[in-house]
């Protein structure tokens, strides 16, 4: 039987009794038979040759194409594995199996180069991983096919001759000194020309420059190894015909050391010597530093300055290990005769050219105990800092700040101070007496006073500020029609009185307005309270309530007095 030709069968079975003789009864049933698969068919490629194309810029892992071998079996017996068994592109391409579709996928394994090789030929084999030995007589369970891959040319960016460049230059090199060069070419067959430039983001100070034609690197500024030892810049190569095609390469420039710095003291040296010091006593050890970095290491030498050798009270002993000691030269010192000695010391290196500098060591003469511990010196600066302490300076600045704040507050209060009114509260009621110091001739004296002024409001001042309150708003003066010449003075005064009673801009307390004329037939006679003091009899002030809201306060005061007397 062959499952690949027919997989299922149906068999009808009949059963008879009486041994199958005539007259016996029978029954039938149907049996379904399904054939299971065995791996008796090898995989087969439908064609012997396949051809694919891929650009040379394809990165590794890029799929190029798919191939598939057919297998008549099913399930596990139909699984196929693909592999490259031969060909000139075994190291450039790879093939993987798609487990779902049982296809072989050809992928790029390494970077391609059209200029080096344009066509690759591969032999791909398809095989069953699960083979049954009893069917090996049928032949090998695998098949092979030839795959031809054509590489297409693309416009590629220039390629540098190195992945990185390392150059060196002495720090004393002059401007425009050539350090080295870089080289890049267009890998395409066209061999387009290339120009070079420096990425200024990596050389912000423009210390280096490059020849755009030949790639030579040269300096445009002076160098200093002690400031910066390594300079890391990036060089760009761009195709002239296609500026979009460019590549970059790192360039590392090391600045070589030159002995251009003199050695100097490692710190500021200020020491002391006891008054009872003995000769050749070590009082200080000196150390030096040098910014340069010679190949053989530092070698310093110490000595007294030539002008200080004769008559010096101290000597400098070079220890030959880049240190030196200050030694006393005599027995005993007197701080009252000389409290401070300034000792010039010359420090030199042994590099070429020789560099040297002079440092000063301050030696103070102090009183010491028998153990050599310093007790007191004339120069208190050795122990205590000169000038005011930090606490004293802070206290002085704080006092100045407080004084300034006080002055500012005082000035602000004076600006905001307002003029208080003459009448502070409503309870403070008093007469406003105006003295003219001039006695008129009475009502008959028409020469002393012109009553026409009283009749004509235009003759009076339009607006006068009150002196008993602080003005808060400026109101325009009220304009009233001019009184006729035949208007009675009483009517004129009553009209003005009514206007003042209903005036919203008038002050909310009593005030005395002197009109200089009472008229004839006044019921209340004089309004002044000065005459009431001399009156022996009681007076009735109930009429004040009839005078309107302006006299309400006065009526309450005098009316209350009458009620008190009655009680």
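Using the three backbone atoms N, Cα and C, a Cβ is placed for every residue, glycine included.
For the ranges 326-347, 348-369, 370-391, 392-413, the feature annotated in TrEMBL as transmembrane segment maps to 392-413. Below 8 angstroms of C-beta separation, residues 62, 64-65, 67-70, 106, 108, 112-114, 124, 145-154, 156 of the same chain, each at least six residues beyond the ends of the compositional bias 'Polar residues' (46-56), sit close to that stretch.
In terms of DSSP helix, strand and coil, the domain 'Cadherin' (161-265) has 0 helix, 47 strand, 58 coil.
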